[in-house]
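**Student:** Can you keep this structure in mind? I'll have questions shortly.
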Amino acid sequence: MDSSTVLFIGAVAVAFIFLKWMVSPIPPQNEFTIDHLSQDQSTGSTTSSNAHQNRDTHSISTQSHRNSRRAVSESMIEVVQSIAPMLTVEQIRYDLETTGNVEATVNRFMELGDLPFPPGYVRPQQPPTPSEEPKKQEVIGKRSVNLLEKYNIDAKNPKSDHNSLLHQRRQEMILGARKRLAAQLSNEL
């Protein structure tokens, strides 16, 4: 074999190995999963033969886990908060401590639309905004502005003598828009 052929085959082999390494899947990091929760749930709920005893054991182990406060990282909270920004940090932390991973918390939020508050947590009361009613009235008032009154246009006499050409064009434009709207509304009825 020629030396260039050997060099070509070697380069192809190195390229193949390099591409194989680049395409191989990255092993998942368990950054968002709490391992000891899944171990406790698998041993706590399947070992008992009596269903009543099983529920008691599971609830006791769940309470002890809640009291011991599992480590929930800030990155876990940030991931959930980026998906559901209306949730409080306490709601997210409580649900992450309960479920053990971000995926279950996000799924629960998607199904329920909200997450439960921790026991004993008092929901912060948002102060009532007394300015909501005046704002609504302002919006309604702004919507019902009559352009004929605003620009002093006489609908009965559209060709009145005004000095400004701009004013006349504006008047014609507003009257034309009113006529088109009236025609459109009469066609719909």
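Backbone N, Cα and C define each Cβ position, glycine as well.
What you are looking at is a predicted structure, and each value in this text was computed from that prediction instead of being measured.
According to Swiss-Prot, the record shows the following:
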type     : residues : note
COMPBIAS : 117-131  : compositional bias 'Pro residues'
DOMAIN   : 72-114   : domain 'CUE'
REGION   : 38-73    : region 'Disordered'
REGION   : 117-138  : region 'Disordered'
TOPO_DOM : 1-5      : topological domain 'Lumenal'
TOPO_DOM : 27-189   : topological domain 'Cytoplasmic'
TRANSMEM : 6-26     : transmembrane segment
**Student:** Please list, for the topological domain 'Lumenal' (1-5), how many residues fall into helix, strand and coil according to DSSP.
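**Tutor:** Counts, helix then strand then coil: 3 helix, 0 strand, 2 coil.
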**Student:** Please list, for the domain 'CUE' (72-114), how many residues fall into helix, strand and coil according to DSSP.
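**Tutor:** Summed over the domain 'CUE' (72-114), the classes give 32 helix, 1 strand, 10 coil.
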